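Undergrad: Sharing a structure here in structure tokens format.
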Amino acid sequence: MAFGEFDLIDTYFTRRWPERDDVVLGVGDDAAILKVPEASELIIATDTMVAGVHFDKQTPARAVGHKVAAVNLSDLAAMGAEPAWLSLALTLPEMDHDWLTGFSHGLREICAYYDCQLIGGDTTKGPLSLTVTAHGFVPVGAALRRDGAKPGDWIYVSGSLGDAGLALAAQQQRVEISDSHYRRVLERLYFPSPRVALGQNLRDIASSAIDISDGLVADLQHILKSSNVGARIDVDEIPLSMALTGSVDADQAISYALCSGDDYELCFTVPESRRGVFDTAIARHPAKPTCIGRITSKAKDLRLERNGEVWEGMTGKNGYDHFS
Ligand SMILES: [Mg+2]
């Protein structure tokens with residue numbers, strides 16, 4: 001008998017995967033049965049990755065498995081949620097056991113790390129594409145949203161920005177960088193770290209939050225639109241890695257951080273009155289949030305500044321055009 005859907009699930013997606021007490025019935029029936037903790041709300045996010053669109057042939061299968069979970073967990077993190085379950089829809093052109101081995105390893109590693117159980121899904125034949133739905137919990141009313149920023153709130157980002165964009169540019173030979181820098185930034189493109197713990201720590205502290213998937217400028221604008229506010233950003237405060245600043249000139253590095261996507265850091269706002277609590281709660285956080293600016297009352301106006309003046313780097317020949 002041919003290797004079918006049940007063999008595939010049994011071989012790659014069953015043994016040595018995390019198991020949780022709140023899963024009454026997982027993979028194997030028509031649907032899963034799940035217990036949501038009392039006084040919690042369910043937070044759900046879905047993301048699709050299509051071969052040739054979101055990743056290319058040279059992307060290792062393990063990285064695809066990691067990333068398709070990571071991008072969903074990053075959305076949960078931006079809501080302040082604690083991850084619990086994942087479901088997976090897998091469309092495969094053929095039964096490729098090497099690829100499935102790598103893919104399932106990558107997915108299982110990140111699920112194990114966040115104690116996230118695979119609770120079901122679907123497999124079909126067709127052009128390579130993956131859809132993951134992630135489910136998580138927050139205490140009732142505690143979710144972080146995009147619509148709570150107020151004038152005067154401080155704007156923060158976690159980690160550093162622009163590395164994944166630099167990796168992609170180097171891969172596509174739009175920029176030349178050293179092998180050691182390339183290895184560092186490629187790791188960030190392939191294996192992003194969703195800021196799950198930080199997101200949970202920001203409940204009751206942040207007034208709004210979003211994860212940076214499309215670039216700081218694009219994603220911060222979602223907060224500005226939802227909250228009906230503006231922002232001032234000091235471009236020299238944006239956290240940049242040594243791999244980025246060591247590979248391109250200063251304004252280009254800022255442009256990568258502002259405009260290229262795939263960083264999966266969090267951008268969030270903290271009211272002045274919560275700043276002391278924030279500094280105490282977050283001071284030793286590994287994702288080291290950096291304050292980059294402040295929310296203003298000028299609706300949907302995003303002002304990029306250097307020394308209080310409008311920063312012109314985006315329009316220069318080394319700036320924004322680089323990304324168009
Ligand atoms: Mg998002």
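Cβ coordinates are placed from backbone N, Cα and C, and glycine is handled just like the others.
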Undergrad: Out of ASP75, ASP179, ASP249, ASP251, which one does TrEMBL list together with ASP30, ASP211 for Mg(2+) 3?
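TA: Within the candidate list, TrEMBL flags ASP75.
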Undergrad: When the number of other CB atoms within 10 A of each residue's CB is tallied over all shown chains, which of the binding-site residues ASP30, ASP47, ASP122, ASP211 has the maximum?
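TA: Counting Cβ neighbours within 10 Å, the top one is ASP211.
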Undergrad: Using C-alpha positions only, work out which of the binding-site residues ASP30, THR46, ASP47, ASP75 is nearest to GLY121 (ATP binding site).
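TA: Nearest in space to GLY121 (ATP binding site), counting only the binding-site residues, is ASP30.
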Undergrad: Where's the emptiest Cβ shell within 10 Å among the binding-site residues THR46, SER213?
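TA: Output over binding-site residues THR46, SER213: least Cβ neighbours within 10 Å is THR46.
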Undergrad: Which binding-site residues from the list ASP30, ASP47, GLY121, ASP122, ARG146, SER213 come close to ligand 1, meaning a Cβ under 6 Å from one of its atoms?
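TA: Near the molecule: SER213.
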